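Here the structure comes first, spelled out in structure tokens, and everything after it is commentary.
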Amino acid sequence: MPDALLVLYLLAHGVYVESFKNTTGFAPLEINEVQNPASHLPGAFSLFSEERFIPTLPEPDCELLQWNLQQVAPGQLAKAPAELGPASSLLILQYTRVWIPDPDEVWRSAELTKNYKEGEKSLQLKLEDETIREYPVDVQSNQLPFLRNPDILVGENDLTALSYLHEPAVLHNLKVRFLESNHIYTYCGIVLVAINPYEQLPIYGQDVIYAYSGQNMGDMDPHIFAVAEEAYKQMARDEKNQSIIVSGESGAGKTVSAKYAMRYFATVGGSASETNIEEKVLASSPIMEAIGNAKTTRNDNSSRFGKYIQIGFDKRYHIIGANMRTYLLEKSRVVFQADDERNYHIFYQLCAVASLPEFKELALTRAEDFFYTSQGGDTWIEGVDDAEDFEKTRQAFTLLGVRESHQISIFKIIASILHLGSVEIQAERDGDSCRISPEDEHLNNFCRLLGVEHSQMEHWLCHRKLVTTSETYVKTMSLQQVVNARNALAKHIYAQLFSWIVEHINKALHTALKQHSFIGVLDIYGFETFEVNSFEQFCINYANEKLQQQFNSHVFKLEQEEYMKEQIPWTLIDFYDNQPCIDLIEAKLGILDLLDEECKVPKGTDQNWAQKLYDRHSGSQHFQKPRMSNTSFIVVHFADKVEYLSDGFLEKNRDTVYEEQINILKASKFPLVADLFRDDKDPVPASTTSGKGSSSKINIRSARPPMKAANKEHKKSVGHQFRTSLHLLMETLNATTPHYVRCIKPNDEKLPFHFDPKRAVQQLRACGVLETIRISAAGYPSRWTYHDFFNRYRVLVKKRELANTDKKAICKSVLESLIKDPDKFQFGRTKIFFRAGQVAYLEKLRADKFRAATITIQKTVRGWLQRVKYHRLKGATLTLQRYCRGFLARRLAEHLRRTRAAVVFQKQYRMQRARQAYQRVRRAVVVIQAFARAMFVRRTYHQVLIQHRATIIQKYIRGWMARRRFQQQRDAAVIIQCAFRRLKAKQELKALKIEARSAEHLKRLNVGMENKVVQLQRKIDDQNKEFKTLSEQLSAVTSIHTMEVERLKRELAHYQQSQEADTSLQLQEEVQSLRTELQRAHSERRVLEDTHSREKDELRKRVADLEQENALLKDEKEQLNNQILSQSKDECAQSSAEQTLLMKKELEEERSRYQNLVKEYSRLEQRYDNLRDEVTILKQTPGHRRNPSNQSSLESDSNYPSISTSEIGDTEDALQQVEEIGVEKAAMDMTVFLKLQKRVRELEQERKKLQVQLEKREQQESKKVQIEQPKNDIDLDQDADLAYNSLKRQELESENKKLKNDLNELRKAVVDQATQNNSTHSSPDSYNLLLNQLKLTNEELEVRKEEVLILRTQIMSADQRRLASKNTEPNINARTSWPNSEKHVDQEDAIEAYHGVCQTNRLLEAQLQAQSLEHEEEVESLKAQVEALKEEIDKQQQTFCQTLLLSPEAQVEFGVQQEISRLTNENLDLKELVEKLEKNERKLKKQLKIYMKKVQDLEAAQALAQSDRGHQELTRQVTVQRKEKDFQGMLEYHKEDEGLLIRNLVTDLKPQMLSGTVPSLPAYILYMCIRHADHTSDDLKVHSLLTSTINGIKKVLKKHNDDFEMTSFWLSNTCRLLHCLKQYSGDEGFMTQNTAKQNEHCLKNFDLTEYRQVLSDLSIQIYQQLIKIAEGLLQPMIVSAMLENESIQGLSGVKPMGYRKRSSSMEGGENSYCLEAIIRQMNSFHTVMCDQGLDPEIILQVFKQLFYMINAVTLNNLLLRKDVCSWSTGMQLRYNISQLEEWLRGRNLHQSGAVQTLEPLIQAAQLLQLKKKTQEDAEAICSLCTSLSTQQIVKILNLYTPLNEFEERVTVSFIRTIQAQLQERNDPQQLLLDSKHMFPVLFPFNPSSLTMDSIHIPACLNLEFLNEV
């Protein structure tokens, strides 16, 4: 039986039955739990653990017994809400849980302590706090307490899913959902109950909107978005208008709910045009909140008016407009506020910004200074910034198109109301009149701001006019009358301004397009009751009576339709009809009629009106008179009794404003103020017209019928106007399909997530939720489809009945056997209907069945466990005995062996001790003897030594004393000698000084000096004269030499001409001698080279030896470092992996950003096409200029430059076109055009000159080649240079041509831009962009011009060198032909010849020296290499030694560093070598091409010459046969056939036509066409073909935007074309895998890099469209297949469902899918992509994206659905994921990373299966769920729902523990995954192995016009 899986699940979670308790009625079980740490793991079974802790769980509910016995008849249920399911006396048994009334908590749970017998007067109950209580029972009525639902039904999404439907069950379910799960939304049939959390919740983001979009209402958890989506879907499906009615009391969250509903419509149904109407709809909210919301005691932002917003949609269900109607603005708040309340927000916002300069004229100060804003006390709201809100209000005004002047006028009117309220009115002494001071500042400001006369306003504020038939009176008013009149005027001004703002909002939201349908959102006040209730509360409760009547009838209608659709018999349900209460209010002579009559009476008062009510309606059951009051009355509403105080009813109903004051305002000098009070406007803003925005299907009358003169006799009362607008609203609602949202205020203190049961029950009764429950309970509230019923209760089916294949028949037989009363259920066409309580009875039977199966399994397993335990104990005992006996025997043997060993040890030890003692004594004696003998010998030796030293000392002292006496005597003699010699020297010095002073001495010194001076002067003069003479001789010799040289030159020339043939022999001999010398030099050079080679060989050998030695050292080092490398390998790999991941992540992010831009570009392009189509349809005006329809955005996008657009155009035409457009707008472009034109012409002239010169040179060269071939390498080099220059010239010409074409293209772009500027006034950014492009082109032209000039200079210099070489050749020949040179040459010629030979010798010597120098340099370099190798070997040896000295860790690090540095150096060296080799290879290839071309030209010329000669010799005719050439892989077509080519190959091509051919055949054909255009250098053809191809592909994809096969086909072809452009681009990086044949197919002339980028972007767009199509096909299947379908039969039992059932729950339903459907669909995707040859890398990325979408959609639904968060769903999920993984492995797609994208879903499934009780469970969850965020984990735990009563809910404390452990995570705040996220796609280069000449074109393509080249 499949349901045994559930039993195994219970056992796996440690639940089993211990024993029975014998109790009355039935035997409850003690449920015990096995604690096993392994149960943390998914799927781990803890049943068989030996250690068992047996905590006893609470016993099951006794109310599970005999639920079918309790049923109250429908007639009883209709009596009162208190009768919705009280218990029968037969059910009140021990342990039954019931609800009893409680004054604090309203209802309280209790449990019976003993059975109840009929007739007893009380029940013995035990409360939840273990308190014993006696509950009295009324014996006569036998009213027993309400029974409590089983715990498994608590917390349901839909209240109608509860087994017992009554007030305590509803209240408890809402409380549990709100407090424990923090769910604020709950369904109650068709009603959405929304509880205000008073806290911002992250459940309204864009991701949540997208998650609910397209979902059925029962598929997801309750939400306001689900209601909005249901309305939107029904509007589109049924084409019927919808309404969402949001109601509730103040502070319940009505405005916020309506705002979120409108936000949903604005997001899902965004406008298709640029009007942004959805933003305007949302922008109306800040304005209406500012002028219509105020702070009350219950709500800080309470709406004081009702509004109905109609959002209009077109046929495509996009928002096109909106319209707003308002109801019953609370005007009295303008002039009065209760304590702790505020006026409307706009007053305080204006006061907050009064200090700004633009609002100085308003003369406002603080809000506390004005009477109208200070009555409530505190003027501030905590957490609200009025100034910031005012800025939002102004922005909303601006967005809605309200001009700044009108905004200022509005603010002036609002400020004037504040000043009017602060006008000081002084009463006169008589009391019947009063006055206002003329100097009153507030009155002056009031008149100034409104532009009215001060004196008149001052007068008519204190007086009134009485008009009679004969005359008119002006009467003074008392102080109270003046205050009332002032307040009435203020209220009237504000009401008129409110109506004007609403009217202008409607104008801003109005659209001229036809409205197809609309959705209305009604935000209206709920039922209100206060201590003092006045006219406003009466009107509000009257409106709620009407809405409740409509609600009751709609609910009853839906219930009736459901029964009729299912074709089951049923009796009419008696539901509460509040029509009598409505008639009391609005019928003839009702409350409103009597109020209007009393208002018409001149002396009518509130007391008289109340008395009339007493007289007229005292007999009505809905009208009562209070006992203690004559001015109040009570109306019994559907929700409660409300007492109204009649004071003020008449005044508020009249809404009296004196006509004189209105006339003053009409005469205002401000147009806006005068416009507010026109006669055709209704002074009461009860509603606004909505005729424009309404649907054509509904005839809705205006809410304001046309009025007559605005006097009080003919003006309709406020009550009448409200009744009219309310009737209009009800007509609108009745013509639409309503959806209900009931907002509940949980507490009055505005505390977050605090639930007050009293306030909640009061609102539930008032909003009709309990009435819905009552109607449902009166019939068949529980409804099951046959499929769900069979899946849930198949365990109750007998085995023989399962053989029947008809599930409906099985269900009928089971129910008939289980429930005997046929009235308790009914069989419909698709569902089974149950009375209240029957589902709980079936649940009890199912639980009993599972308990019995559990006991049987546990009994068997326990017996087996005990047997296993016994055998294990027995075996263990035998083993222990065997080991113990062996241990004892071994211990005895060991003891004996140790005893014998001890005796031996003792003997040896004692002998050793004696021997050691003897040796110790002997050694001591020997030592003592030795020391004593040594002492005596040392003493004798010391005495001899002392005597010897004394003798030596005496000898040295006596010698020293003798030497000292001698030195003293010698020193005395020297001193005496010195003194005597000094005396003699002094005497001689004195005599010399006397002689030097005499004159004779000086004369002797100067003798001969004068003679020397004279001789030197004469010598200088002689030398000067000699220098002059020599100079003159030198000049004469120089002139003579010059003349002689010229003469000799002339003679030499003459002689050479005459003797030209005589000197050749001499020169030949001289040349022969030179040749011999040259040979000798060559021989010497060879000798040197041999020597060099030998030395080089020796060095190489030595180097080889050293390298070998180095290799050996390296091998040793490698062996030593292997361990080091193995240890460090993991660290390096890890670090490199981390770096790689980081770089990949950055690359992915960059690629993602780029592809998002491409996606945005494609979206904008699509939007542009749509807008262009709309403009074409809407605007068919003459003169309208637009781009051709076949022009794509690719052609106009400046981001994609092309090769060329046209031939060189005429610039004058472009200039003429600019002149036609406008000189002013093209003036800035003229200078640029003229400069570019001039430079282009100059460049053209230069090119023509160079072309002429080069053509002449080539002709001369060709003639010369035909005559003689080149004879030396110099001529070949020159020819190669000329050929290279010619190729360079051709390249420059082509580049020049491209630049000119680009220039013309830019000119045309400028002209087109100027045209657009003339018509559309575009911004100057585009002009600046074009100007920058022109400047760049100009700079490039300058660079090209300089290159041409340089080339020209090089060509001219080459020509000059060539001419010079030709001129020198005859001279050399002449010299070599001189005969008999020895006889006829003179001395000078011989000298000249000698000099020539010397010069030759010097040249040879220079060459020899150069060679020797090179040889020396090579030797030095080799020596340097040897030294370097030696140094390297030394370093390595040192490193090796150092490494051996280091520690192992340091050795590892040091070795790694050395190896990394070595590898880095080798890598750099190899890179440099490779670069050099590549450069040399390119140069050689280029030269080889030039030489080959020359050789081919020479061979062709020779062959031509030979053929000419042969033709002359032949005498007979020869037939020449044409040789068939091979196909070169090129296809030729004519320009006019391009459209046909694109149509046959792109536009009209179907993928099925190419089945069986080469994949991506169109891409190959297009490339062959491009190659031919490249071969012919036709850039226009290349550009046109590629542009047409791209446009054709875009057109096909736009047409087939939902065809996966077509999209995949063109993605494959686009990628293949991109690969071809890369593979055959000539770029070496893409040619590594090419064959020689494929290299011949490369492009030669054009670089299509830009088009490669365009094709790459197009591929991204096609890939995104492919993913979009695949997601669109898969998304409807995911939720049903992954979460709802039973992949494991019988595992997921369906819980009882309510009114909202899952759309895919029915078996075989249209929305029901299984996992096989997803796998089949993905198989289809995979087959299509593989058949069409899509790259495998792209296929992997496609499935990675699809698996991410499956993960995101499934997880988002899991996070938003309470019914699927269960253990069985986790098991189903894990099974489904394993099937998907198996499919990936079977298709070899597991490397795509798709499994990693499913990780969050895998962890969510594991989270559903883990235990969730203890601290260890929390730690296991935190460590396991690493891919889930904290919010997602907590959300899943909150949503976890047991499907059986054996399971336990997740406690709040456990969730708090999880949150505490996860608080350190930095998870994103987003709850849901972004299902729209797209991974960046990568198109890796994938070259083809096919060659172009091997491709065959099938005939089915109709491409006969293509010619093979």
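Glycine is no exception: its Cβ is also placed from the backbone N, Cα and C atoms.
Nobody curates TrEMBL annotations by hand; they come from automatic prediction.
Residues or ranges marked as ATP binding site in TrEMBL: Gly248, Glu249, Ser250, Gly251, Ala252, Gly253, Lys254, Thr255. Proximity of Thr255 (ATP binding site) to non-local residues of its own chain (separation of 6 or more, Cβ distance below 8 Å) is seen for Glu289, Asn293, Asn301, Ser303, Asp523, given in sequence order.
The coiled coil annotation in TrEMBL covers 982-1033 (among others).
The annotation coiled coil is assigned in TrEMBL to 1233-1263 (among others).
Per TrEMBL, coiled coil is recorded for 1289-1351 (among others).
Under the heading coiled coil, TrEMBL lists 1405-1501 (among others).
For 683-714 (among others), the entry in TrEMBL reads region 'Disordered'.
The helix, strand and coil residue counts that DSSP assigns across the region 'Actin-binding' (726-748) are 9 helix, 8 strand, 6 coil. Summarising the annotation, TrEMBL assigns region 'Actin-binding' to 726-748.
Among the features that TrEMBL reports, region 'Disordered' is placed at 1177-1210 (among others).
The binding-site residues Gly248, Gly251, Gly253 differ in how many other CB atoms lie within 10 Å of their CB, and the one with the most is Gly248. The number of other Cβ atoms within 10 Å of the Cβ belonging to Ser250 (ATP binding site), over all protein chains shown, comes to 21.
Other residues of the chain with a Cβ within 8 Å of the Cβ centroid of Gly248, Glu249, Ser250, Gly251, Ala252, Gly253, Lys254, Thr255, the ATP site, are Asn196, Asn299, Ser302, Ser303, Gly526, Cys743, Lys745. In the shown protein chains, 25 other C-beta atoms lie within 10 A of the C-beta of Ala252 (ATP binding site).
Under a cutoff of 8 A between CB atoms, and with a sequence separation of 6+ in the same chain, the neighbours of Lys254 (ATP binding site) are Val246, Ser247, Gly248, Ser303, Asp523, Ile524, Tyr525, Gly526, Cys743.
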